[in-house]
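Shown next, in structure tokens, is the structure this report addresses.
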Amino acid sequence: MERIKLYMLLERLEVLTVTGGCESEMEIQQITSDSREIVKGGLFIAVRGFETDGHRFIEDAVGKGAVIVVCQELPGTIHEAVCYVVVRDSRRSMAQLAKRFYHDVADTLHIIGVTGTNGKTTTARLMVAMMNDCGIRTGYIGTGLALVGEETVLLGKTTPEAEVLHRLFSMMAERGCKAVVMEVSSHALVLQRTHGIGFTGAVFTNLTQDHLDFHHTMERYAEAKQLLMDAVDPEGFVVVNADDPWAAFMVKKRGNADLYCCTVGHKQFACREGMDIRARIIKAEMQRTEVEIEAGGRKYECGFRLPGLYNVMNLLEVFAAGIAMGLQPEPVIDCLATASPVEGRMEIISGATGEFSAVVDYAHTPDALVKVIETLNELKPPDRALIVVFGCGGNRDRDKRPKMGSAAAKGADRVIITSDNPRDEDPDDIMDDIAEGVSSASFHRFGSRAEAIRCGVNLMKKGDILLVAGKGHENYQEVAGVRRHFSDRETITAALVARNA
Ligand SMILES: CC(=O)N[C@H]1[C@@H](OP(=O)(O)OP(=O)(O)OC[C@H]2O[C@@H](n3ccc(=O)[nH]c3=O)[C@H](O)[C@@H]2O)O[C@H](CO)[C@@H](O)[C@@H]1O[C@H](C)C(=O)N[C@@H](C)C(=O)N[C@H](CCC(=O)O)C(=O)O
Ligand SMILES: Nc1ncnc2c1ncn2[C@@H]1O[C@H](COP(=O)(O)OP(=O)(O)OP(=O)(O)O)[C@@H](O)[C@H]1O
Ligand SMILES: N[C@H](CCC[C@H](N)C(=O)O)C(=O)O
Ligand SMILES: [Mg+2]
């Protein structure tokens, strides 16, 4: 990639002051906000964070070869050979710099953002599969990973920092992608990781309680999600879950010119004629759902490989985005029929004899747990039991814990509380919070997730279903800041083998 020169980077930045050795023709080798990653000839952006202040690492970055420092306040020590650029907002500047550094490649791609509390990964991955299958070469950025052509890049954050985002866009464009589907988290929107991206489309899945540790109120959480709708190009499109009470709020500033409204139930919000997309289930099975979709005055039958009404909504949103992207309904339906389910979302783990079934799912919010439990209760024989094993993450929204406890107590025949990723919290405190919501119902409790899963497996009678929720695809457990290998799927399989033996 051709290296960008300093003056090109500064052109679009809202600069307050420039100090020191700033040669405008200087080529920049790299930009980063992490001093640990800086290389010689790089640009370091000092960000005031929640944990620490990037300004503390300016000297460290310069020592490692940073030639430009972008900051909100000049450091005490100024090196003559280094160029110091003071800006009002480092996070915003980082997004502007990252986009420019990668030659504004973001402007050449159709970027579709998916936001909402639950269902982003499911919807986005389904959409990527559909678009690739229908002939639009499309990349993906979201929970755990990015798909760049044939390559998989592992990610820490669902929506990475701007520098990583634009680097991924650049790699995708190089590999012939015309479009990108990306999950846009509320954290990313507030922290301006996606600032400056002109989205071709946005999808709003739903809004229910999560992340109130960060946003504090549902209104502020909603305002964060709404920022994605504002970032859609005027000629772009928006798809909303019209059954969600927050749908109208999401599109309040946009009007309904290119707005697609999906509904599987009681619509809270209406669109222009022809843009309403409705579905109902014809046949529901654990690994396949047949639906009838009504769109633009026509009816289509469509099957796909996921269970539950909530997944029908995810499917409809993908269908709507396909239409908005100019695809025909029939090929979209054909592509959706074969798309693979996402790992760790309603993933069935069967024992050797097939008599006992366990399901791994990533439900880590009250609404997700309610929906998954509802779906499993609808699909299992009425005389069989549903056993639920789950915990809640540490250093995250505490208020959701009793609500998840209550969801499990209401819907499951047996409840087993355990640890998720306690992070820096005491696992017992987290389990106490969950237990408050379980109230009088009896439950088991194990600090060890492996033990909890073994208990669940051993409690199962023939035909029962065990749901292990909260960690889905995750292959680690984070305790006291340390990540160790842990997989719900592997633990269940081992427990089923032990039981069958
Ligand atoms: C709120 C949030 O997103 N915080 C993340 C963020 O923190 P921060 O920006 O405040 O940074 P900080 O750790 O205080 O450090 C400040 C600055 O100093 C820099 N630094 C730090 C140390 C050093 O030696 N040198 C150095 O330059 C850092 O790179 C940073 O630029 O950047 C840190 C470093 O990458 C992350 O560890 C931290 O993740 C937190 C702990 C986190 O877990 N965030 C989650 C909640 C998150 O963002 N999740 C959403 C998904 C939610 C969903 O799925 O709905 C996501 O998009 O992934
Ligand atoms: N449309 C939906 N409505 C409610 N719950 C859903 C929906 N889709 C999925 N879920 C539940 O949420 C869980 C997580 O799904 P998914 O990974 O698609 O969501 P996400 O929004 O990407 O989550 P994250 O915030 O962690 O990125 C699923 O395992 C399921 O339990
Ligand atoms: N994106 C979510 C994932 C939660 C997954 C759960 N296993 C946990 O660790 O809390 C978050 O970062 O809050
Ligand atoms: Mg996700």
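Note: Cβ is positioned from N, Cα and C throughout, glycine not excepted.
TrEMBL lists Gly116, Thr117, Asn118, Gly119, Lys120, Thr121, Thr122 with the feature ATP binding site. The C-beta environment of Thr122 (ATP binding site), restricted to residues of the same chain at least 6 apart in sequence and closer than 8 Å, consists of Leu306, Asn311, Asn314, Val342, Arg345.
TrEMBL lists Arg396, Asp420, Asn421, Pro422, Arg423, Gly470, Glu474 with the feature meso-2,6-diaminopimelate binding site. Annotation note: Arg396 (meso-2,6-diaminopimelate binding site) sits in a coil segment as assigned by DSSP.
TrEMBL lists 27-102 with the feature domain 'Mur ligase N-terminal catalytic'.
The domain 'Mur ligase central' annotation in TrEMBL covers 114-321. As a whole-number mean, the pLDDT of the domain 'Mur ligase central' (114-321) in this prediction is 95.
According to TrEMBL, the feature domain 'Mur ligase C-terminal' maps to 344-472.
Here TrEMBL flags Lys225 as N6-carboxylysine. For Lys225 (N6-carboxylysine), the same-chain residues that are 6 or more apart in sequence and have a Cβ closer than 8 Å to its Cβ are Thr115, Gly116, Ser186, Leu189, Phe204, Leu207, Trp246, Met250.
In the motif 'Meso-diaminopimelate recognition motif' (420-423), helix, strand and coil residues by DSSP number 0 helix, 1 strand, 3 coil. TrEMBL lists 420-423 with the feature motif 'Meso-diaminopimelate recognition motif'.
Applying an 8 A CB threshold to same-chain residues 6+ apart, the list for Glu474 (meso-2,6-diaminopimelate binding site) reads Gly344, Asn421, Phe486, Ser487, Asp488. In this view, Asn118 (ATP binding site) is surrounded by 23 other Cβ atoms within 10 Å of its Cβ, with every protein chain counted. Residues of the same chain lying 6 or more positions beyond the ends of the motif 'Meso-diaminopimelate recognition motif' (420-423) and with a Cβ under 8 Å from any Cβ of it are 364, 390-396, 430, 449, 470-471, 474, 476-481. Long-range C-beta contacts of Gly119 (ATP binding site), restricted to its own chain and to partners at least six residues apart, with a cutoff below 8 Å, comprise Thr205, Asn206, Tyr310, Met313, Asn314. Nearest by CA distance to Asn118 (ATP binding site), out of the binding-site residues Arg396, Asp420, Pro422, Arg423, Gly470, is Gly470. When every Cα pair among Arg396, Asp420, Asn421, Pro422, Arg423, Gly470, Glu474 is compared, the largest distance found for this meso-2,6-diaminopimelate site is 17 Å.
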